[in-house]
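Below is one structure, written out as structure tokens, with a few remarks after it.
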Amino acid sequence: MEAAHAKTTEECLAYFGVSETTGLTPDQVKRNLEKYGLNELPAEEGKTLWELVIEQFEDLLVRILLLAACISFVLAWFEEGEETITAFVEPFVILLILIANAIVGVWQERNAENAIEALKEYEPEMGKVYRADRKSVQRIKARDIVPGDIVEVAVGDKVPADIRILAIKSTTLRVDQSILTGESVSVIKHTEPVPDPRAVNQDKKNMLFSGTNIAAGKALGIVATTGVGTEIGKIRDQMAATEQDKTPLQQKLDEFGEQLSKVISLICVAVWLINIGHFNDPVHGGSWFRGAIYYFKIAVALAVAAIPEGLPAVITTCLALGTRRMAKKNAIVRSLPSVETLGCTSVICSDKTGTLTTNQMSVCKMFIIDKVDGDICLLNEFSITGSTYAPEGEVLKNDKPVRPGQYDGLVELATICALCNDSSLDFNEAKGVYEKVGEATETALTTLVEKMNVFNTDVRSLSKVERANACNSVIRQLMKKEFTLEFSRDRKSMSVYCSPAKSSRAAVGNKMFVKGAPEGVIDRCNYVRVGTTRVPLTGPVKEKIMAVIKEWGTGRDTLRCLALATRDTPPKREEMVLDDSARFLEYETDLTFVGVVGMLDPPRKEVTGSIQLCRDAGIRVIMITGDNKGTAIAICRRIGIFGENEEVADRAYTGREFDDLPLAEQREACRRACCFARVEPSHKSKIVEYLQSYDEITAMTGDGVNDAPALKKAEIGIAMGSGTAVAKTASEMVLADDNFSTIVAAVEEGRAIYNNMKQFIRYLISSNVGEVVCIFLTAALGLPEALIPVQLLWVNLVTDGLPATALGFNPPDLDIMDRPPRSPKEPLISGWLFFRYMAIGGYVGAATVGAAAWWFLYAEDGPHVNYSQLTHFMQCTEDNTHFEGIDCEVFEAPEPMTMALSVLVTIEMCNALNSLSENQSLLRMPPWVNIWLLGSICLSMSLHFLILYVDPLPMIFKLRALDLTQWLMVLKISLPVIGLDEILKFVARNYLEDPEDERRK
């Protein structure tokens, strides 16, 4: 049934053809079940394990590696002699890498619990219905409830469907619907229609929503919608329709993979075609087929060389280390790739309650009457420090501390706050904080009483647990609460009837203490309290009181005001009818006005600084709240989102105002606005969508079930540690301390991680460029193989992998939060950097080939062949006079490969030092700024020595131990790469860098 809230109870009953007293007939139940289906949320069909495994092989680079492994495997079958074992090592290692990668990928996907499944926890098991086949109420499974059913709910029940209330069977009906609307206090419900068909859920005061809890009272209602038709069902559908986009880094790596795979394919084909003339060379036994296979193997080696196999592992490690650092700052990251996305966040959409504010209501102002002289009324105004539930703070008058016990009016005000109250404070020893027990508003009054300490109770020697309610206990010992007249909507107040305790010798009789909305309470006051006397409440005095309340309730503070009053001579208890709430109004008359307290949910202390940090970092903060617009704008001014006197006409909207704009203007509003008030969850998703259309990277906070679709849609969904399981499972990050400042710290960490990742991705890629150049040169010049695939795999995975991981520990730049967010479209490697890495890669390739050639041409223990013999080694036979006196086996010796590999590894270690900073010289940023990098270089070199000097590794890798002369040659060839990169950095710093960047550095 659509818009049930706007219809009368009679219309709702008529729509389903049902009687409130008897309920649906079995026939109607059957028909409605067929029409509307079961009252449950359908489970989401997850991917099968096999589908997840297949998904891991959709990446182009992975497919190329898989193809290379298969080809290597086939070629290994054709190997002869002692080469057979080494031939199988390469495909085996590649397959191991791919399997490990797939396992990690599948594990991560499986671990991301399903937010839709988490919604199930809000589905109640049972419901109580009236049906025509039974005289009394019956308990049935909640899934069998159908639209039209007459349902009964009572305190403690979970609402089984979306229900239009027909009758309230208690004084009041309070519902905790925070999971759905984010309202921190329970909501009082009624039965009258809400005539606005577009009312937001917060305003549908005659509806009960599926999954919410009855906090107090008992009611009867008719089921309007079930299953996916409910508000919680709509949230489920929104979440199911939201596709997870790839993070900017994943997109960059995908693009890079595609480009790389095209380049690899071209080079492999080129190498094979260049050497067609050599297929018949004698070294292949004159067999064209064997020649083709040989060059095919070289092409495969090229593919292996060009792909940075270690990259996925290094990225995962770097992100995992980042998440550990973030966890120490109270940001728990649930999805690894989102660590990097945080770095390009350009907009943070934050909830107000609990994130920007403490979510701990606190009284910050109060007033009592000081003097009434004719029409002149003077007030005593006080301010109170302390913005949490902790009983710590001072009462100030004109900014100077005062002792509240010296003011009779404050003693009475404290008495009303303590007695007209069902809440208390509790010290949570595990967390070391004071928490509320009961309603937030009442707990604020309890805390106020503790801060005022009107009877000067000695609290210094008390433990924190005893301190929690010490001053309230003193007041409760003086007066005994007899009974409570519950809050009701018509009078907007509640009261308690108290009698003096036996032990108290004070000459006071019974009293009624009242608290409630100022306009309602003051209208029923005939007197005002001045000191210990009461004087009549005249028109001018009332105007003065209401003027102050209006001033407090608007403007910068927008405080929530409560009026406190006493009925000095209430009727006798036996004369009062307590089971008829309609008569409570007549008992709460002839009141004496005592004072007013103004409270608010105060901003967190550290938020203002964090918002300034965001402004410096080019990040826009948008506050989104269910509160009214005035309160929202006031908090924005208080924390620095808006300036003190800034005009906010086109920068703050309510959900209704936003909906009334044409679509183009809605989109434009999202570009400007910094405050959205009175919003529904659907608005959050819409705002994210519009921001994404401007290529903004959005972080969205939320804690309720209602926030889950927007959390899932935003690039970074941030759930509160105190939030619902659904919000947490739909998000990428959870704030353990619910604090906005933690988001800013996480963004800073994300930026640092991206900078470091850029360094090691470039480091690994320049290494691969070097390997490709090496293989291409040997093939193009007709030289013997300098590096074989198994050696390339070792370098890519192990010796390069360790320094690359250590580069993730580079310290962040000092000005990291003074720059605007990077564009998600910014390429990983720009034009100049591409040239730089080609230059370095070219040197690496040439040096590696040069080291192998040096052994053939000049080494003492080498064959001393000439250059022509070296480039035509394929034609070497015993009969060929050009190779007279040369053993043809020498061209397959392991020494030149060892020289080439050692040069490659040493250059890579130098390159790792070059990667400490993109443009800073090693003289400005010495190696010891990252001690992890030095350690990893030592470890990589140790592993290189291991495969050179420890049997049987040299046989597997086709290597031979080097002597001192050869090592000196390796260093001579390798070290110039540092000088080359220093020259390139110098050019970048002085001739290419943006002057703005220069100034910032």
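Placement of Cβ uses the backbone N, Cα and C atoms for every residue, glycine included.
Keep in mind the model is a prediction, meaning the values are calculated, not measured.
For the Ca(2+) 2 site, Swiss-Prot lists Asn768, Glu771, Thr799, Asp800; matching the candidates Glu657, Glu665, Glu668, Glu908 against that entry yields Glu908. Of the candidate ranges 776-787, 896-907, 932-943, 968-979, Swiss-Prot annotates residues 932-943 with the feature region 'Interaction with PLN'. Looking at Cys876, Cys910, the record from Swiss-Prot puts Cys888 in a disulfide bond with Cys876. Asp703 is the only one of Asp27, Asp660, Asp695, Asp703 that Swiss-Prot places in the Mg(2+) site (with Asp351, Thr353). In Swiss-Prot, the ATP site is described by Thr353, Glu442, Arg489, Lys515, Arg560, Thr625, Gly626, Asp627, Arg678, Lys684, and among Asn469, Asn645, Asn706 the residue recorded at this site is Asn706.
Sequence-distant contacts of the region 'Interaction with PLN' (788-808) (same chain, six or more residues past either end, CB-CB distance under 8 Å): 72, 86, 89-90, 93-94, 97, 300-301, 304-305, 307-310, 313-314, 317-318, 321-322, 753, 756-757, 759-760, 763-764, 767-768, 771, 897, 901, 904-905, 908-909, 912, 915-916, 930, 932-933, 935-937, 939-940, 943-944, 947, 956-959. In the three-state DSSP assignment, the secondary structure recorded for Asp351 (active site, 4-aspartylphosphate intermediate) is strand.
The DSSP secondary structure for Asn796 (Ca(2+) 1 binding site) is helix. Here Ser581 (phosphoserine) is positioned 75 angstrom away from Glu309 (Ca(2+) 1 binding site), judged by their C-alpha atoms. Compared over the recorded positions Glu309, Asp351, Asp800, the count of CB atoms lying within 10 A of a residue's CB peaks at Asp800. Within its own chain, the transmembrane segment (829-851) is flanked in space by residues 762, 765-774, 776-778, 781, 783, 786-787, 896, 899-900, 902-904, 907-908, 911, 914, 969-970, 973-974, 976-977, 980-981, 984, 988, 992, which lie at least six positions past its ends and keep a Cβ under 8 Å from the stretch. Long-range Cβ contacts of the transmembrane segment (254-273) within its own chain (Cβ-Cβ under 8 Å, at least 6 residues beyond either end) map to 59-61, 64, 246, 295-296, 298-300, 302-303, 306-307, 772, 775-776, 779-780, 828. Helix, strand and coil content of the region 'Interaction with PLN' (932-943), in residues and according to DSSP, is 12 helix, 0 strand, 0 coil.
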